[in-house]
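To start, the structure under review is shown below, and the notes come after it.
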Amino acid sequence: MAPGAPSSSPSPILAALLFSSLVLSPALAIVVYTDREIYGAVGSQVTLHCSFWSSEWVSDDISFTWRYQPEGGRDAISIFHYAKGQPYIDEVGAFKERIQWVGDPRWKDGSIVIHNLDYSDNGTFTCDVKNPPDIVGKTSQVTLYVFEKVPTRYGVVLGAVIGGILGVVLLLLLLFYLIRYCWLRRQAALQRRLSAMEKGRFHKSSKDSSKRGRQTPVLYAMLDHSRSTKAASEKKSKGLGESRKDKK
């Protein structure tokens, strides 16, 4: 290499980007979803839901496969298969004529219904989906429990308890605000009554003051008149006394 010529090796930033795109980016794979547990009563029916996510468009070659492993068993057997737009139901096994296809691949739905449940149906059901070219991914499992009478789920009980507590809290809050409203209303009425009483007292005091103001000159006039009458009477009496002396 000639002195001063630029290096032909890739820059560290470009190498890091290439490494992250090839190594660090996760590979996309199909993801299948089912319930974890489902409960049913003897003689009833249950729906085993199965859906999926795929990075590819729904292919015409999409397939769904359901397998069943009995409770306490080791091996799983195929009980249902969907491919090329057609459902294939087991015709010789324990679920003969009891499985119904209710899925719709266009909506990424591979659900089935099991009719006329029995205690022997207890076990694990596995849903497997292939959507070529997206065929790599994990299956999903749902466990079926069959009872004579379906028990109340813990979540339902918990929800009922929480709902009851919230109802009581709301009732207490409503009662608190109602009592507070009545108390404030009563205080306002009492305040209005006190204000009216104060105004009445003020008006009465003003009237009394004005009445006393009007009565004062009259009293003074009456007093002056009384004094004048008394003086005149005394003067008259004195004059009569002097006239009597003169006659003697």
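Numbers run from 1 along the shown chain.
Yeah, the Cβs are placed from backbone N, Cα and C, and that goes for glycine too.
Database features (Swiss-Prot):
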| type | residues | note |
| --- | --- | --- |
| DOMAIN | 30-143 | domain 'Ig-like V-type' |
| TOPO_DOM | 30-153 | topological domain 'Extracellular' |
| CARBOHYD | ASN122 | N-linked glycosylation site |
| TOPO_DOM | 180-248 | topological domain 'Cytoplasmic' |
| MOD_RES | SER210 | phosphoserine |
| MOD_RES | SER226 | phosphoserine |
| MOD_RES | SER228 | phosphoserine |
| MOD_RES | SER233 | phosphoserine |
| MOD_RES | SER237 | phosphoserine |
| MOD_RES | SER243 | phosphoserine |
Which is it, of ASN122, SER228: the one of these recorded positions whose Cβ has the most other Cβ atoms within 10 Å?
-> ASN122
Take every residue in the topological domain 'Cytoplasmic' (180-248), average their pLDDT values, and give the whole-number result.
-> 70
Inter-residue Cα distance where the pair is SER228 (phosphoserine) and the residue listed as 'N-linked glycosylation site', in Å | 130
Helix, strand or coil at SER228 (phosphoserine), per DSSP?
-> helix
Helix, strand or coil at ASN122 (N-linked glycosylation site), per DSSP?
-> coil
